[in-house]
Amino acid sequence: MAAVLLGLLLFAMQSPPLPSWPVSDGGPSSPPAAADNGTAGHANGTLQQLPQIIIIGVRKGGTRALIEMLSLHSAVAAAQNEVHFFDWESHFQRGLPWYLSQMPYALPHQLTVEKTPAYFTAGKVPRRIHQMNPDVKLLLILRDPTERVLSDYTQVFYNRLQKHKRYQPIESVLVKDGDINLGYKALNRSLYYLHMQNWLQYFPLDNIHVVDGDQLIRDPFPEMRKVERFLKLEPQINASNFYFNKTKGFYCLRDHGRERCLHDSKGRAHPHVAPAILQKLYQFFHEPNKKFFELVGRTFDWK
């Protein structure tokens, strides 16, 4: 009997302790632990953190292309989906812990970025972001306002087409009683100076980098080099990271031998618009564009 008890004791001493959490092939994992400093850590050394970079817009300006290109940099961790924390009340009421939970797991040296194009034109958003972090870096990507309006219409047109819903011809939404239809929301989104005035009440211009979305389409590398400088990132993104896809008609990405393009919904052809209506649009945006150029101290090649 004594021998049996001694054998059981020796076995217990030699058996390894059972882990308190499941073990995967990549090592131990445990539930994220919330912290008071805007981060949530994980056992594998990664952490969720509130974004130090936010792409604030604009809708149909090239935000998806921008965040995908920025993700080429090893020091950047990007949220995959539009979070809509600061502009949707149902999300904002959940508080910063919920917002933090939407961020990607990143290494300690990485910067986290999220993009929600609707932020730029939502009146409450600048103040709310400033309350979270007055030093956050903001990226605003803009296109020729007329081109942006046409892209806006094109997206809505295809969405309604896929859902078998009726749609209005573009002329009927752009023009009303012979004049530009000021009630068309897409026009308001292209009045950049109005929305920029709101942002500049809370953030100095040094915190906001305006990316030329038209130039990003034509030649992405120089624009991304400017973004790296603004974010004080070590230059990593190179011309070799981009190649022109003749089938799609725009640049795609190459990263460590892997090639990827944006979704087929990107780069859709705009509907034909009568030259007279286009001319009305160009005239309508002429003065608003001048006001925007004065605000940001830059000019853009917009018609």
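Cβ coordinates are placed from backbone N, Cα and C, and glycine is handled just like the others.
The annotation signal peptide is assigned in TrEMBL to 1-20.
Annotated region 'Disordered' per TrEMBL: 21-42, in sequence order.
There are 23 other Cβ atoms within 10 Å of the Cβ belonging to K60 (active site, for sulfotransferase activity). According to TrEMBL, the active site, for sulfotransferase activity annotation covers K60.
What TrEMBL lists as disulfide bond is C252-C261. Counting every protein chain shown, the number of other Cβ atoms lying within 10 Å of the Cβ of C252 (disulfide bond) is 16.
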Between K60 (active site, for sulfotransferase activity) and C252 (disulfide bond), the C-alpha gap once rounded to whole angstrom: 18
Long-range Cβ environment of C261 (disulfide bond), under 8 Å and at least 6 residues apart: N245, K248, F250, C252, L253
